[in-house]
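Copied from TrEMBL, the annotated features are:
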type	residues	note
REGION	A:1-27	region 'Disordered'
TRANSMEM	A:36-57	transmembrane segment
TRANSMEM	A:98-123	transmembrane segment
DOMAIN	A:99-293	domain 'ABC transmembrane type-1'
TRANSMEM	A:135-153	transmembrane segment
TRANSMEM	A:165-186	transmembrane segment
TRANSMEM	A:207-229	transmembrane segment
TRANSMEM	A:282-301	transmembrane segment
Amino acid sequence: MTTLTTTDRKTLPSKGKRRPQAVVDGMPRPKLPERVIKGIFLTVICALVVLPFIGVISTSLATPAEVNHAGGFVMFPTKGVDLTAYKSIFAGGTVTQALLISGFITVVGTAISLALTCSLGWALSRRGTVGNKTLLMLVLVSLLFNPGLIPTYLVVQQFGLLDSIWALIVPTCVSAFNVIVVRSFFTGLPGEVLESARIDGASEWKMFRYIGLPLSKAVIAVIGLFYGVGYWNSFFNALLYINDASKWPLQLVLRTYVVNGVELGGQDLGVGGEALPPQTTIQMAILVISVVPILCVYPFIQRHFAKGVLTGAVKG
Amino acid sequence: MPTPAGAAGMVTQEVSTQPPAVDVAELDTSAGTPKRRRIPLRRRLLTDYPVLLLAVPGMLIILAFQYYPLYGNIIAFQDFQPYLGISKSLWNGVENFAVIVNGDPEFLNAVKNTLILTLIQTVIVFPAPIIVAITLHTLMSNRMRQLVQSILYLPHFMSWVIVVAVFQQVLGGTGMINNWLRSHGLDPIHVIGNAHAFRGLLTSEVIWKDTGWATILFLAVLSQIDRSLYEASAVDGASRWKQIVHVTLPGLKQIIILLLILRLGDSLSVGFEQIILQQPAVGRDASEVLDTYVYNNGILGGAWGVSAAVGLVKGVIGLGLVLGANKLAHRLGEEGIYRG
């Protein structure tokens, strides 16, 4: 952790060496014990986050012999890599089906959510139009209360969405909070640009499509990530609204076969007759599959986090 | 958190409802100019309809799934039968609320568990990100800080199912830690499925999942603290510890109050998904909270009216707590979440 050390510009002005920019210029240079304690503290909490994932990935890849020998859990596989667990998962049984459903609701749901959120956010950002204040008030007030579990269930039932995968998309497709975030971003766009577009005869739709959206890519990416993660992770709505096991998304499969520990047989996996890898390995493989999409998208969007989360959230 | 506003809403739970502070204030100043008022409504509709059209789909969803369910709360005053529907079910006055007033043991147990968990979350879970944020803030290397941040934000994006599964794999009977203990000739520890350890387990899961993510707001506020304050205090001979106490913490005061107010509104909803997932392992005695009570008795048990009554009371108390806390914050001269 040598990078933790840095010399304060204020105390040693004569040394012209390039050094990392100090975060807090005015603070005196930390003393050695403080740096050590901080280093240990941060290393420990990072390890607590990373190690379980490494263990899970390792176990999913370890050979059956090694898993059985270790009694279920392998931290660092030493006897080679075995992909049987993944092969049997993708062979076309329950898990494959759930993956398709989760993929569908994530992709389609995110697209619908982004379309509705951005258009509503844009409309709310156009001050002075008819009913603007009323609509904004309706959106803001809806943030303050929670309509309740049972009434919401009844509404979903009334719309005939029970046991339909649309029940996982439609009720949650517009988050009032995200609408507000997008709106405040649109409101912050330079008014002159819109004014000149207006003078050039651009319609409302064209201003939204060719000025508003392209200038807001960062915030849309982050909101898209939030929606996407929400859909991919949607568990409780699925538990409430979906009874038919053939329409289960991945999270319900994960709950049943990993958290509750129900055994996955050859039929569930779509493989017949062959020897199955140990249940732990299969469970870990399902877990890994449910984490991978998030890990893939995460690095690309991560740098936009602060902007996306903080727009409209903290001002001053 | 049982917000039927749903999965996407859950992701941004901890920061929700903050924007009103800014937006409501803006509203007052940005009202239509008098010039605009004179144009007749029909003319304005004619010019503004493209904007309104853009708002329609999103508004419909909000009205249908946020406002329309409010009407469904009237089943709290009915002997609701699902096959009869709201219009044909018989009214039974406040009978459903009797379970609350009479102190049904199951209900009281749920209340007790909820309050204990709320207390734990406020005392232990809430300060954790502040400590991490201050530590991160005093790191001198930006690259180091970003690395740590990327790692710590990650668990927030994992679903509760994944978090619970991972915890089981680490702490369970054949999990990482017990394997290690056994291979070293030590006694295994039973955490998963142990009713006595359940609260501790819940707390560590919440901390593991969301502490890192919660630092994002504190870090943003910390980066806005005027650096000259640190310089001035250093000149006056303040140690680094004293600077944290007298400069950093006061800088965080406003956001801490704001988040505490928001937490108060959610205080009766503690870790719904998290608990529902682990309830079979520990039993309802140890794990039942108000939200699981509503779910278990209403949707699974068929006691629709009673559960709706409990949900309604919970919602009203939550709303009252937010409004009250906001008022209190104003009294104390703080910004609060909005100006009413």
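Every residue gets a Cβ built from N, Cα and C, even glycine.
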Recorded stretch, among A:36-57, A:135-153, A:165-186, A:207-229, A:282-301, maximising Cβ pairs under 8 Å relative to the transmembrane segment (A:98-123): A:165-186
Outside the transmembrane segment (A:135-153), six or more residues from its ends: residues with CB under 8 Å to it: 120, 123-124, 171, 176-177, 179-180, 183, 240-241
Of A:36-57, A:207-229, A:282-301, whichever stretch has the most CB pairs under 8 A to the transmembrane segment (A:165-186): A:207-229
Long-range neighbours of the transmembrane segment (A:36-57), counting only residues six or more past its ends (CB under 8 A): 1, 4, 30, 73-75, 284, 287-288, 291
